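Since the structure comes first, as structure tokens, the remarks are kept for the end.
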Amino acid sequence: MGRAKKVVLAYSGGVDTSVCIPYLKQEWGVEEVITLAADLGQGDELEPIREKALKSGASESLVADVKESFIKDYAFPAIQANALYENRYPLGTALARPLIAKILVEAAAKYGADAIAHGCTGKGNDQVRFDVSCTALNPNLKILAPAREWGMSREATIAYGEKFGIPSPVKKSSPYSIDKNLLGRSIEAGALEDPKFEPPEEIYEMTKAIADTPNEPEYIEIGFTQGLPTTLNGIPKDPVALIQELNQVVGSHGVGRIDMIENRLVGIKSREIYESPAMLVLIPAHRDLESLTLTADVSHYKRGIEETYSQIVYNGLWYSPLKAALDAFIQKTQERVSGTVRVKLFKGNATIVGRWSDSSLYTPDLATYGAEDQFDHKAAEGFIYVWGLPTRIWAQQDRG
């Protein structure tokens, strides 16, 4: 008897998930494999995906258009949280996984599958994100992870697929692993595994090399409503269109590249290359607007929440009780985070050069050093005495 009768497989059309189809049937005795690909804004690469899945042995191949949900329900909350894992990575891939898990579980229920499967290896973070998310949504479903057990190198995986007529989208001489969605691209493997190796320009698609960027700066204005980006240069945009346009504009100025050594959940360090133009402007712009509209104590406390939020999303705990509790706090903080941020794009830099809001807590008459100054300087002496009183008492006690 096989490990499952009917399986819904998370499918990308790449090497690992394509090889999973014959592997599940030939090696694990699965009778029927239904593939499910999430349209997260990858672009043209999804066009032939049904045909490839069917040729690889799938009984049915599904594509779910979840672009709008991806941005509204996953990316936008992350922007409100200023989510940057290890203060650099805007979680483009990590944010997609709980959504894919959700539609996998829904498809399994619809088609009567007794298991779901994915092509994640045992060294990556995605296996955790898929397994934990699917378990949270339906703890009774079996989860199969062939790539975690088959023990094949990337070259061997490609060779296994070729035996079943599965073409590889990568060359054996340059086997980069690429994941792409509306929020950006992640590139790893191959020569990039050497951390001293400079990434070749050929791996980038969304961002221009500095030498090829415009010689004049471009200014953009991003409007936020309760922490959510809603306008670009004064024009209302739906969530997907806003991200798409920002990716194009920001990337054309060479902004949005990340080359980092990342601490994976499974305990190893990995070299990761990311392109994420829109998010690497939206998050700093949102944080800047918060500095104008949040009180100091809320702003400072939220920084710690943001770090925890980034970690639990990265670590696959999107559907956890802690995540839900943090969401409630973050949503409360966003009630007055409405306004506009002006950003200058030039030669690989995105510089915030202005911000304004009807909810601004910045008071010019109190901040100015000019003749309009209304700050009560005499009050400072009493404040300093009371503020420093514990230190004064400690110092007196310390001196005996």
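Each Cβ is built from the backbone N, Cα and C atoms, and glycine gets one as well.
Summarising the annotation, Swiss-Prot assigns ATP binding site to Ala10, Tyr11, Ser12, Gly13, Gly14, Val15, Asp16, Thr17, Ser18, Ala38, Gly119 and lists sequence analysis as the type of evidence. Taking a C-beta cut-off of under 8 Å and a sequence gap of six or more, Ser18 (ATP binding site) has these contacts in its own chain: Tyr11, Lys52, Ala53, Ser56, Gly161, Ile166.
The DSSP secondary structure for Glu262 (L-citrulline binding site) is strand. Taking a C-beta cut-off of under 8 Å and a sequence gap of six or more, Glu262 (L-citrulline binding site) has these contacts in its own chain: Tyr85, Glu86, Tyr89, Lys269, Ser270, Arg271, Glu272. Here Swiss-Prot flags Tyr89, Asn125, Arg129, Ser177, Ser186, Glu262, Tyr274 as L-citrulline binding site, drawing on sequence analysis.
Taking Cβ-Cβ distances under 8 Å and a sequence separation of 6 or more, the neighbours of Asn125 (L-citrulline binding site) in its chain are Ala94, Arg264, Leu265, Val266, Tyr314, Asn315, Gly316. Reduced to three states, the DSSP call for Asn125 (L-citrulline binding site) is coil. What Swiss-Prot lists as L-aspartate binding site is Thr121, Asn125, Asp126, and the listing cites sequence analysis.
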Inset, instruction - Could you find out if DSSP has Gly119 (ATP binding site) as helix, strand or coil? - result: coil
Legend entry - By Cα-Cα distance, the member of binding-site residues Thr121, Arg129, Ser177, Tyr274 nearest Gly14 (ATP binding site): Ser177
Inset, instruction - Would you list the other residues of this chain near L-aspartate - those whose C-beta lies within 8 angstroms of the C-beta centroid of Thr121, Asn125, Asp126 - in sequence order? - result: Cys120, Lys123, Gly124, Gln127, Val128, Arg129
Inset, instruction - Work out the three-state DSSP category of Asp16 (ATP binding site). - result: helix
Inset, instruction - Give me the non-local Cβ neighbours of Ala10 (ATP binding site): same chain, 6+ apart in sequence, Cβ-Cβ under 8 Å, ordered along the sequence. - result: Thr17, Leu36, Ala38, Ile100, Leu104, Ile116, Ala117, His118, Gly119, Phe130
